[in-house]
């Protein structure tokens, strides 16, 4: 076949089909391109109307061109559209609707061998179950296929049973009234006082039916009431007379606000009455929030939040012990910082003498506290002087002692004045104990409780102790000298190692400079990397030889 024939065959479907015109778009001139760009800018600024697709919807001019432009092989009409970006209907999967479900209650005929294989008992299917395909929500819809009529059948069945029970109960009551048993029971004194127990089977049946009928209503008590269904007695749980309502504590409309919905009064109703919150029986609901460990708990929580914002992984509920220790150390450091700041200010500006002055009450010998005295000097009205109290028992003499513990002091120890004994719970020895304590010097070891007696030493013993002390001092001096000499040797060795490391660092820098001038494709493998860990001398040499281009003196130092 010739080349002209091949061209004719290839061109035949293109020329014959008017619907499929796969011609490439022609190039635009510079003038057309400039006009197109100007129109796009005007559309983005809102000065020109936006493009409209085939459905009459506006196309956002800010959509990029690679999204809004239609490929030439899809839509040859070159109309502005975004249909090519939307899901195509022929490619969309069709799902079943939410109302469709399988038919329930269809009985299938079980067979050992199917009829299509045996050819016997051929019959059409009663019902063909549909093949349902649901989307993500349809598969997880628990109420899909639910029939409310099935529940109504259950309700109707229970309604019929309840109606039958009520009818049977009414018949039994009619029979009892006709026989006269119910009238006799009502007139009996025990029945009137609620003391009669159900003896007959009919009475028990009535009680059981009442319980079944009202078993849900009896469990629910009204607010302030307790209803006993067996004794038919209603008990009201009223508050006691001494219990005052919150809104009656202060009738001033400008006092604490009472919220009737939550029955809360947060502020103190006696705030304007001049009463101390500790003296009144009720100081508001907020009083509980500021008592006990509530304030410290809130401060700890606030510290945890601030510490977490600054990078500390602490939490009040997750790790309370760690947070408590951290908060304690923070408070100690804060107090130390304030003290240092105070000392630095006083050292710089002075004024310590003004802080050490006694209070104004001592300087002026007068206060603003009003005290009224009688002609004899006793206080009639005003603040009385508080009596200093001790947590220890006073004037209690035990074990035959005539003086209390702490009445005698000697060489940093407390004791009894009556016998000069330093043991707190010892028995009193009187004058004999004093003579023994004065004749001998007893030293008590607090840890072991042992007693050692110090006897007077002779001149020979004192001389020997002095010689021993001199020997110990000489040994200490020799040790210090040896240590200083070894330290000087170590410094010389470190200095030599540092010199070697500096020379090695200079050689390394020259080697790196030479390698960096070579093309990276011709460099040896791992020529700039080092696998071993550097020593301390090498790190020191690196720091000394490191270039610092940001240093203003780098040009003068040759760096």
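Each Cβ is built from the backbone N, Cα and C atoms, and glycine gets one as well.
According to TrEMBL, the compositional bias 'Low complexity' annotation covers 1-12.
Residues or ranges marked as compositional bias 'Basic and acidic residues' in TrEMBL: 20-44 (among others).
Among the features that TrEMBL reports, compositional bias 'Acidic residues' is placed at 208-221.
Among the features that TrEMBL reports, compositional bias 'Basic residues' is placed at 471-483.
Residue counts of the compositional bias 'Basic and acidic residues' (502-523) by helix, strand and coil are 16 helix, 0 strand, 6 coil (DSSP-based). The annotation compositional bias 'Basic and acidic residues' is assigned in TrEMBL to 502-523 (among others).
The DSSP breakdown of the compositional bias 'Basic and acidic residues' (530-551), given as helix, strand and coil counts, is 10 helix, 0 strand, 12 coil. Under the heading compositional bias 'Basic and acidic residues', TrEMBL lists 530-551 (among others).
Taken from TrEMBL, the feature domain 'Pre-mRNA-splicing factor SLU7' applies to 135-407. Taking the domain 'Pre-mRNA-splicing factor SLU7' (135-407) as a whole, pLDDT averages 78 in the prediction.
The region 'Disordered' feature in TrEMBL is assigned to 1-63 (among others).
Mapped onto DSSP helix, strand and coil, the region 'Disordered' (77-140) counts 14 helix, 0 strand, 50 coil. What TrEMBL lists as region 'Disordered' is 77-140 (among others).
The feature region 'Disordered' is assigned by TrEMBL to 179-227 (among others).
For 462-559 (among others), the entry in TrEMBL reads region 'Disordered'.
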Contacting positions for the compositional bias 'Basic and acidic residues' (502-523) when only residues 6+ beyond its ends and CB under 8 Å are counted: 538, 541-542, 544-545
